[in-house]
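Right, one structure below, let's go through it.
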Amino acid sequence: MSSGYQPFAGHGQKPAAPPPLAPGWTEHRAPTGHMYYYHPETKTSTYTRPVAAPTDPPVPSQQAYPLAGGFQNQNYPKQFDYNRQQRHDNTHRRPRPQEKPDKPKTKRAIPDAAPWLFVTTKKGNTFIHNPETKESLWAVPDGLKDAIEGLEKLSLNEERERERVRRRQSALEKQRQEQEDAMADQEEFDAADQYDYEDEEGDGGIEDGTESHGIKRQVSAAAEGDEPEDEYYDDEDDFDEEHDLKRIRMEQGGPVEFTEDDIDWQLGAMAEQYGLGEEDMEGNEDLAPEDGAFLFKDLLDDLQINPYSTWESEMPKLVEDGRYTTLPTTKLRKQVFSDWCQERIAVIKAEKEKEIKKDPRIAYLNFIEANATPKLYWPEFKRKFKKEPEMKDSKVSDRDREKYYRDYISRTKTSVETRENDLRKYLRTVKDLTRRTDIDNLPTSVSCDIRFVAVPKDRRDSIVLDHIRTLPDDAGTAESSSRDALEKQRRALQDREEAVRREQFYNSKDIARGKEALRETEMEIKRAMNVGKEGLLSHLEPAKEKDPEKDDS
Amino acid sequence: MPPIRTRNKRKPPPDGFDDIEDTLLEFENKMKDAENAPHEGKRKNEMLWPIFQISHQRSRYIYDMYLKEGITRELYDWLLKNKYADALLIAKWKKQGYEKLCCLKCIQTKETNFGSTCICRVPKARMSKETVVECVSCGCHGCASSD
């Protein structure tokens, strides 16, 4: 009780130097270390220091929130109920938390009334609070009434929204919660037992002369169990109750085990602090598996994972991201990863097919141009740049690379003019070039020739352009060549058609011949089957007769 | 002495090799590490386990890539021919009930005393829950298809 009560009462009090007690009151220290005050005549005790009004002790004089009407009667004074307290005194036990003290649960700013907050407590009571003046009122002042009504309407809508979200939770979720509840109950029983036990010990240990009542402990083991526990479980809020228990134990220095509920509670408190609703906390669990998979794939896309890699090597990159946990098991993640890889590979393949194929040598030659120096021999150059993709490309053989490099180096040693002349000479021999050739898309016979590469880039372009311009009959040649090509195509088509026709003719003849042969054999078989009364002899006779005929013919 | 075929002197591999080259290199390095790892404190059986595991992983990777159409049939055949993957093991994976087979040694019944397969071939459902299996030949924890 002490710990449960403390934060609430602790707001207003904790004076630096305690004022003197009112007459008739005595000060005591509870086993938990809290101070409390007892009035022997009225047989009442209180945690709040009775100073100003010693004649009405049960109600604490000073409170964090001035209590209004029903609330006060409902919970607060219960803890100071005379009879109950009496019983505690008799059994000489620390008063137990009969009822959870009310705590503020949600805070909402009231629109149009700036500093005022609308606070809802755990038990559903509401009051308004001004954090600037630290003023709290149960009754709403007239000036704020309209604003609060508007707020309530708003909150009603929100409530409905939340209800809808809650309804969406799967049956599995419910089941899980039920299980948890069952577990919590179980734990609570255990904890309560333990608590009783510890309680006994604790009282025995701490008992000292400050107890003014002097009533001896007459607690038998049987009496121990009967009274508190029943009230205990009547409580509405089991989780918090248990938590209070834990806290008491912690203050006593006893061993504390953190259960799942503790952690739940803590998480809940943190969420409240950050202004998260319950829905936000459970967001991930509500996700449908497809959504989870979708999010996970999104993550894979974002991090630019290599689809040609393995799960084991890519997994460390993913773990850091929040979306990693959208899928519950690693098995699932692996599966989604594999699916994603397949999709991605298909996409990459399609892209590659669309791409224009470039000669792999061009990249290598560009690389040479940028990096080759006469200072490096080929083996040195190779060793120095062995990690470069151009040097690793398997499409260009090592022999070619070496040849290109040596050629290039030997040419760079000559003067630029000679190189230019070489290029001009070479261009005259090339037949792939036409008037329409684009300078950026030169045929490989030019772009992959060492004479072309050896000339510095700015010079060679102008040379090639000059050469292209000198090519004869610009449009005419192009047109005539295209006409020639068409003519050629047409003739080829004709030839082909002729050939096909001939083929078909021979084929049909072959088929006819085959059919004829088949028919003949069939006839022969029929004749052979036709056996008369003479038996097989009849066949022999005509055969004999026929044979000489055949020989003749 | 036969000519030594280095990476740069051989015939270029089929298209698409560049895509998987990095991963294959990773496996190669892992394998080298495993080969050079010290054997102190290991049991006699344990020494070869990482070798089997890495070879299994690499085979699985190549087979998966082939199934996902990440590599062409041509490249796949080339890889098998060049022993990047264990063709015989992959051949077993195609059989029903052997989809997860860890190594060929584990289904070799002739080498066991009772003419049975390795313990890792036993489905988890058939064993008591706490039993932790580590097969002698390759350290497999269980490779039954139903696991």
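Backbone N, Cα and C atoms are what each Cβ position is placed from, and that goes for glycine too.
Automatic, uncurated: that is what TrEMBL annotation is.
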The annotated region 'Disordered' range in TrEMBL, which must be one of A:419-445, A:473-499: A:473-499
Of A:1-32, A:257-288, the range TrEMBL labels region 'Disordered': A:1-32
Helix, strand and coil totals (DSSP H, G, I; E, B; other) for the domain 'WW' (A:110-143): 2 helix, 13 strand, 19 coil
Overall pLDDT for the domain 'WW' (A:110-143), taken as the rounded mean: 78
